[in-house]
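Single-structure report; data block below.
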Amino acid sequence: MALMLVLFFLAAVLPPSLLQDNSQENSLEKLSTSKKSVQEEIVSKHNQLRRKVSPSGSDLLNMEWNYDAQVNAQQRADKCTFSHSPIELRTTNLKCGENLFMSSYLVPWSSVIQGWYNESKGLIFGVGPKQNVSVVGHHTQVVWKSNLQVACGVAECPENPLRYFYVCRYCPVLNYSGHYPSRPYLAYTARAPCASCPDRCEDGLCTKSCQYKDMSFWCKRLEYVCKHPGLKKRCLATCQC
């Protein structure tokens, strides 16, 4: 149970030797997630790693940027509070998961994300950590099959020895049963890439599926449903996907 308490919302402080590459070439402004190029780097790195999971996965989604989650991820980073935020502060139109990272020096986003992914070395897929002390929650968050969107923020916290604080949000939040994931070490289905989505596959990842659900069977039958505010609330999939 102690292991489960720390599994999915973990904060990382990775060794300098792992992440020192090119750190001197970065400035806080260059890492700002308000920049389109930085957003693209973060999304691209996540999708690159999701394509290379081992064993291969049949149902991992191709991730996109979430602008609303970017705002609250940056707000959390700016607070310089090295702890996970409550779920209500990680909610936009979706509830979102969270990875944290702190460093005494600036680290490229791609290296931060790679560091999270590299926790796979301590994980036996479908079973759990190789040792009780192995941290694998960041990796699981990065490769969780139903991650549809990602957004991040970074801030400088001068009063903290680990003065650079990175926050990433993953939407929707992991599939929970009570307080913990029902199958925490099965982040995806181990089959050939896109085997679960042959009609909507892009370079080994499943393309966007609808994040909403219709509440009534008649939603797709009524032409005017999306023009009526009350009906639209019951037909979110029809009206927004």
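Even glycines carry a Cβ here, placed using N, Cα and C.
What Swiss-Prot says about this protein:
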DISULFID  C194-C201  disulfide bond
DISULFID  C197-C206  disulfide bond
DISULFID  C210-C241  disulfide bond
DISULFID  C219-C235  disulfide bond
DISULFID  C226-C239  disulfide bond
DOMAIN    44-170  domain 'SCP'
DOMAIN    210-241  domain 'ShKT'
CARBOHYD  N118  N-linked glycosylation site
CARBOHYD  N132  N-linked glycosylation site
CARBOHYD  N175  N-linked glycosylation site
SIGNAL    1-19  signal peptide
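The secondary structure of N132 (N-linked glycosylation site), as reduced to three states from DSSP, is coil rather than helix or strand. In this structure, of the disulfide-bonded residues C197, C219, C226, C235, the smallest number of CB atoms within 10 A of the CB marks C226.
Under DSSP, C201 (disulfide bond) is assigned to a strand (E or B) in the three-state scheme. In the three-state DSSP scheme, C194 (disulfide bond) is classed as coil. In the three-state DSSP assignment, the secondary structure recorded for C235 (disulfide bond) is strand. Under a cutoff of 8 A between CB atoms, and with a sequence separation of 6+ in the same chain, the neighbours of C206 (disulfide bond) are D59, L60, L61, N62, C194, S196, C197, R200. Neighbour density at the Cβ, taken as the number of other Cβ atoms within 10 Å, is lowest among the glycosylation sites N118, N132 for N132. C219 (disulfide bond) and C226 (disulfide bond) have their C-alpha atoms 9 Å apart, to the nearest angstrom.
All chains included, 17 other C-beta atoms sit within 10 angstroms of the C-beta of C239 (disulfide bond).
Annotated pair N118 (N-linked glycosylation site) and C239 (disulfide bond), C-alpha to C-alpha distance, rounded: 40 Å.
Applying DSSP to the domain 'SCP' (44-170) sorts its residues as follows: 45 helix, 32 strand, 50 coil.
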